[in-house]
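**Student:** Pasting a structure here, questions to come.
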Amino acid sequence: MNYNQPATLQAAILDWAGTVVDFGSFAPTQIFVEAFAEFGVQVSLEEARGPMGMGKWDHIRTLCDIPAIAERYRAVFGRLPSDDDVTAIYERFMPLQIEKIAEHSALIPGALQAIAELRGMGLKIGSCSGYPAVVMEKVVALAETNGYVADHVVATDEVPNGRPWPAQALANVIALGIDDVAACVKVDDTWPGILEGRRAGMWTVALTCSGNALGLTYEQYQALPAAELERERTRIEQMFEGSRPHYLIETIAELPAVVRDINARLARGEMPQGN
C-alpha cells in the first residue's frame, strides 16, 4: 500500500472558551483571580490570562512560578508555593469554576453558522479544552442547549499531558477515525492550543479577537475604534509568532474561508508540516 497525501480536510478540532463559546474567555480568567484571592494572594486579570490554554492545574503552577506572584505568596505564607499549594488552589478553583461557568456560556456570534458550513464541506468536528472533564460536562450541556454539539470532546485530564503537548488533538484524530493528521485543522485562541496543533502535525488557525488575547466582550470588540483594533491585532499577532499558526483570523466566523483555502493547498500537494 502506498502513502497518498490527503486531498481535503477531514476534521476541524476546535477549542471551546474563546473559540466557540465565551467571547473574551472570561469564565476561567476571573475564577483564577478569585481562587488566588481566597488564599490572600492578588493576581490581576492580565496575569491570569498569560498561560491560558494550558490545563488548569498547570496554569496555576505557571502562575505560581511567576516571580512577582511567588513573592506575593511568600509574603502571605512565608514560603514559595509548592505543588501541594498549587493543588490546594486548584481544589478551590474547581468548585468556583463549575458554579460560575454558566455565566459565560453564550456561543460566539457566527459560530453555529461557521460550523454548519464546515459540516457541509464534509468535516467532522472534534474539540478539546483546558478544562477538566467535570467542567466540560457542564460546558458541553450548556452548548447543546444553544445548538452546538461537537462530534467528540477531549478534556485536559483525559490525556497524560495537556497543551501544549499534542495529546488532546491526537485523541480526537483517533476517536473521529481520521486517517492523516494533515487532514485536520486545529483552531484556538491561545498559543498553547496552537502549539498543540503544530506538534500534532495539523494545520493551525489562531483567533486574534474572540478569545483570551484581546480579552473583551463581543460588544466591546465591536465598539473598538479601527485604529485601536489594528494596534491590538498587531500585538496579538506578535504574541502568536512563536507558535507559528498557519492562519490568523479574528473569529470563528471567518473559518470556512480558511478551510476552503487549506483544501486548495492540499489539492496542490502542500502539507502543514512544510509551512
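Including glycine, each Cβ sits where the backbone N, Cα and C put it.
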**Student:** Among Asp189, Asp261, indicate the single residue that Swiss-Prot lists for the Mg(2+) site containing Asp15, Ala17.
**Tutor:** Asp189
**Student:** Can you give me the residues near the recorded Mg(2+) site, meaning same chain, not Asp15, Ala17, Asp189 themselves, Cβ no more than 8 Å from the center of the site's Cβ atoms?
**Tutor:** Trp16, Gly18, Thr19, Val20, Asp22, Ser25, Met52, Gly53, Ser129, Asp188, Thr190, Gly193, Leu207, Ser210, Gly211, Asn212
**Student:** DSSP on Ala17 (Mg(2+) binding site), three-state: which is it?
**Tutor:** strand
**Student:** I'm trying to understand the geometry here, so how far is the Cα atom of Asp15 (active site, nucleophile) from the Cα atom of Asp189 (Mg(2+) binding site), in Å to the nearest whole number?
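**Tutor:** The separation of the Cα atoms works out to 8 Å.
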**Student:** List the Cα distance (Å, whole number) between Ala17 (Mg(2+) binding site) and Lys56 (active site, schiff-base intermediate with substrate).
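**Tutor:** That separation, Cα to Cα, works out to 13 Å.
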